[in-house]
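Colleague: My questions will all concern the structure given below.
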Amino acid sequence: MEKDMLIQKSKDLLWLPFTQMKDYEEDPLVIEHGEGVRLYDTEGKSYYDGYSSLWLNVHGHKKKELDDAIKEQLGKVAHTTLLGAANRPAIELAERLIDLTPAPLKRVFYSDSGAEAVEIGLKIAFQYWRNKGYQDKTKFVTVTNGYHGDTVGAISVGAVDIFHTTYKPLMFDSYKVPFPTVYRNELPDPVDVRDQALAELETMLSEKGKEIAAVIMEGMVQGAGGMHVMPNGYLKGVKNLCKKHDVLLIVDEVATGFGRTGKMFAVEHEEVEPDIMMVAKGITGGYLPIAATLTTEEIYKAFYADYAELKTFFHGHSYTGNQLGCAAALANLDIFEKENVMEDVERKTAFVKEKLEALKALPHVGDIRQLGLMVGIELVLDKETKQPFPWVERIGYQTTLEMRKLGMLSRPLGDTIVFMPPYASSYEDLDAMISIMEQAIKETTSKVLQT
Ligand SMILES: *Cc1c(COP(=O)(O)O)cnc(C)c1O
């Protein structure tokens, strides 16, 4: 198809996720191919993949080892069902995942997206208590601004108002406790922010523990809620409270898993062992839709019984355990080992941190939050008072449009610019991307002030 026709048909035929199509029509973008950390549109213009194709990509695009692994698997079989039948790459990947994740996690339930992995985790937690004879433990506790995907179950434990308010009548109720957000907190010391948040959770669990199945939260960083990093000791504190009040802890590592925060999994920052953990996004290096929900053997055993006891986990998806995806995931994990990727992430994290200092000085950069190669840059109207820009200005969106002109792609979270480069970005790439963000921020913030 001619490139002009492609662009026209993208407007006429597609309905893009999380996209106001009226905006898209004004600034359409059709990606043609990728190479390393760059993407190319139909006009041949190149862009840095500054958001890792929405937080997925790890080793860059067209990574030879990943391409080869998929081709090799294609030579055997593309897909067979996991319903009642296993397959080789799914088994081999399960073993690797169990080795890499905290020790108590011993079972792997596959699915195709982060949201599905979350749905599965919620249903497992709910049915676990039921199978053990606790009929009342049916509720979930979540934290403000938490994000766990977009299906109805996942939004029911989500708490980002702009995404979730519309669907409230569809959602099941869950309890919410405050997330220890440090920026704009009345308490000046992160330790106090943490302790206050833990105290609220403690009150919740003391009062309602008997009806609560699980607490669910993201690992160390709230991603879609605005890139907020938990204060030290918070997640560990949550784990201890869950244990004390006999409530499961579910950690959603969909965004943070596979090295994004500087550890293979974010829970390692606090040596936390969740009862249930979800992984997706980076699992295949950003290649194919594989997700997994891991659980402890104790949880698994609560489902293991004679069929007539009806303790089976009645859940599954058509493409679960897809061989091509599992083969890509195995090759992805091999690259982590062969190329010492985690050491590389550590060095690049430090480099990015230093380079971002230059942005801190800008008059409208209110806060820069970073853990590993997961960064949020919050733009504010007034740095002193932390007053936001009027939301109708869409300063975040305008800034990413400007970045796009300058040759870098990302998507904002409100007024927070997301910087999540593929780990394979070179130091020059990282430097160039940070310069583009700096230039775009200067450009858009000065424009808004003039109008
Ligand atoms: C992206 C994300 C999800 C949803 O994953 P999908 O694959 O997009 O369904 C769930 N939880 C977190 C923390 C995420 O960042």
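Cβ atoms are placed via backbone N, Cα and C, with glycine included.
Pulled the feature table from TrEMBL, pasting it below:
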type	residues	note
BINDING	Gly114, Ala115, Asp252, His317, Ser318	pyridoxal 5'-phosphate binding site
BINDING	Tyr147, Lys281, Gly316, Arg411	substrate binding site
MOD_RES	Lys281	N6-(pyridoxal phosphate)lysine
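Let's see these features in context: how buried, what's close, how far.
Modeller: Every protein chain shown contributes to the tally, and the Cβ of Ala115 (pyridoxal 5'-phosphate binding site) ends up with 22 other Cβ atoms within 10 Å.
Under the three-state DSSP scheme, Arg411 (substrate binding site) falls in the coil class. Just so you know, the Cβ of Arg411 (substrate binding site) picks up 16 other Cβ atoms within 10 Å once every protein chain is counted.
Counting only same-chain residues at least 6 apart in sequence, those with a Cβ under 8 Å from the Cβ of Lys281 (substrate binding site) are Trp55, Leu56, Gly114, Val254, Ala255, Gly257, Phe258.
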Colleague: Which binding-site residues from the set Gly316, His317, Ser318, Arg411 come near ligand 1, judged by a Cβ under 6 Å from any of its atoms?
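Modeller: From Gly316, His317, Ser318, Arg411, counting a Cβ under 6 Å from ligand 1 as near, there are none.
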Colleague: What is the interatomic distance between the Cα atoms of Arg411 (substrate binding site) and Asp252 (pyridoxal 5'-phosphate binding site), given in whole Å?
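Modeller: That comes out at 21 Å between the alpha carbons.
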Colleague: What is the separation, in Å, between the Cα atoms of His317 (pyridoxal 5'-phosphate binding site) and Tyr147 (substrate binding site)?
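Modeller: Answer for this pair: 22 Å between alpha carbons.
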Colleague: Would you count the other C-beta atoms found within 10 angstroms of the C-beta of Ser318 (pyridoxal 5'-phosphate binding site) for me?
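Modeller: The answer is 10.
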